[in-house]
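Here's what TrEMBL has on this protein:
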type: DOMAIN; residues: 21-414; note: domain 'Major facilitator superfamily (MFS) profile'
type: TRANSMEM; residues: 20-42; note: transmembrane segment
type: TRANSMEM; residues: 62-82; note: transmembrane segment
type: TRANSMEM; residues: 89-107; note: transmembrane segment
type: TRANSMEM; residues: 113-135; note: transmembrane segment
type: TRANSMEM; residues: 147-166; note: transmembrane segment
type: TRANSMEM; residues: 178-197; note: transmembrane segment
type: TRANSMEM; residues: 232-255; note: transmembrane segment
type: TRANSMEM; residues: 267-285; note: transmembrane segment
type: TRANSMEM; residues: 297-316; note: transmembrane segment
type: TRANSMEM; residues: 322-344; note: transmembrane segment
type: TRANSMEM; residues: 356-375; note: transmembrane segment
type: TRANSMEM; residues: 387-409; note: transmembrane segment
Amino acid sequence: MGGAVVDEGPTGIKAPDGGWGWAVLFGCFIITGFSYAFPKAVSVFFKELMHEFGIGYSDTAWISSILLAMLYGTGPLCSVCVNRFGCRPVMLVGGLFASLGMVAASFCRSIIQIYLTTGVITGLGLALNFQPSLIMLNRYFNKRRPIANGLAAAGSPVFLCALSPLGQLLQDHYGWRGGFLILGGLLLNCCVCAALMRPLVAPQVGRGTEPRGPQRPPQRLLDLSVFRDRGFLIYAVAASIMVLGLFVPPVFVVSYAKDMGVPDTKAAFLLTILGFIDIFARPTAGFITGLKKVRPYSVYLFSFAMFFNGFTDLTGSTATDYGGLVVFCIFFGISYGMVGALQFEVLMAIVGTQKFSSAIGLVLLLEAVAVLIGPPSGGKLLDATKVYKYVFILAGAEVLTSSLVLLLGNFFCIGKRKRPEVTEPEEVASEEKLHKPPVDVGVDSREVEHFLKAEPEKNGEVVHTPETSV
């Protein structure tokens, strides 16, 4: 495995920032929508599953947790598969798995079987689609990457607005089994999105000529050198803490409303409100992050987004009626959209294009444990106290802690390490000094020839700027 060549796209190809990239962006929009909205949308069926199998809140919460844990925990596996086989084949297989899991779940006779089908199989299928789509988006966009990430991330709220009422409608007309079967058919659209992921092709070289510049050496399928990057470590720790509480409120808000006596359809509409606000928050956050003066400070904007989200959870815990939950969903949608638009943009900026396929897999693996703990721990707390207020307070405290870890870690551990900016005259003078031969030292012609041949190799290296480092 160590000697295999990574599928990181042809070397020397500039990101088109458009063209077929818009088709890739559309496919990524669909995939992101299914991946993130699906674990929340299935919460509409939780009440029926509790009655069917005689289980509690924490038991049904495991369905969303396993879905998200598979989406996150299989990150390194997805990285290895993408680097070995390419994005498109992996996504095609993932689409089939996602559909198969939901279809099989419609025939289940126990909650354990639903864990295995909806949780494991469908979760694995969504993971095999989600990560490759982000990798392709990163290859097709560079200058417009923040807004592209924001638009792709908007797929989550759009699909949440659609899937949540659709799930309630399917449950009312066909029961949870018929609803699972129809949702399984919808997931086959992931295979259509996979067909849009056309690899970038290197420009043709004339006959009898060799490619210019040295070829990059083969790399490992999973690049663990990202763990030597202090910025990556801080990001990974903060993101893992954030995930403990980030997905808890959307999972429980519908049940919270139903517990207040709100009708089922009206309760499910809360997720539609949250998703509608989220639709506009994500592209807006991506557009703001893409501004020239803001982009170097994207990590601080991401930290603010997490703080805003945690504070919203704490204030939402005081809701006592349906109107209070509506206000909570509005502000949660804004903060959640900011987090969704910025999380992978910041990771791309930290590690760069070449290491992103490995970095995202490792980050998702670290977050998987937190995802597996978050909603079930909220369900256990709810089973013990029967009070939703404590669930929202716990989630808010976890997200607030993550924002402080990222902010303080970046300021004290990374910010102090940055070199002072060099003015333009000083930069020119230092460059002239660098290329000026030493006085009274003879320069051999063979050394000059070797230096000129090695010069293209410098151009192939990744240049670190304030945008590519925390």
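Every residue, even glycine, has its Cβ placed from backbone N, Cα and C.
Remember, it's a predicted structure, so these values are computed and weren't measured experimentally.
Contact count against the transmembrane segment (297-316) (Cβ pairs under 8 Å) is highest for 232-255, out of 113-135, 147-166, 232-255, 356-375.
Long-range Cβ contacts of the transmembrane segment (20-42) within its own chain (Cβ-Cβ under 8 Å, at least 6 residues beyond either end) map to 63-64, 67-68, 71, 91, 98, 118, 122, 126-127, 129-130, 133-134, 136-137, 140-141, 148, 151-160, 163-164, 166-167, 187, 189-190, 193-194, 196-198, 247, 250-251, 271, 275, 340. Of the candidate ranges 89-107, 113-135, 147-166, 232-255, 322-344, 89-107 has the most C-beta pairs within less than 8 angstroms of the transmembrane segment (178-197).
Taking pairs at least six residues apart, the transmembrane segment (232-255) and the transmembrane segment (356-375) share three or more Cβ pairs below 8 Å and count as touching. Counting residues 6+ beyond its ends, the transmembrane segment (113-135) has Cβ neighbours under 8 Å at 24, 27-28, 31-32, 34-35, 38, 42, 49, 62-63, 65-72, 74-75, 77-79, 81-82, 87-88, 90-91, 93-102, 104-105, 152, 180, 187, 190, 193-194, 197, 344, 356-357, 360-361, 364 in the same chain.
Touching of the transmembrane segment (147-166) and the transmembrane segment (89-107) is ruled out by the presence of fewer than three CB pairs under 8 A, sequence neighbours closer than 6 excluded.
Residues 37, 40-41, 44, 147, 150-151, 153-154, 156-161, 164-165, 167-168, 250, 253-255, 257-258, 301, 305, 325-326, 329-330, 332-338, 340-342 of the same chain, all 6+ positions outside the transmembrane segment (267-285), place their C-beta atoms under 8 angstroms from a C-beta of that stretch. Looking only at the domain 'Major facilitator superfamily (MFS) profile' (21-414), the predicted model's pLDDT averages out at 85.
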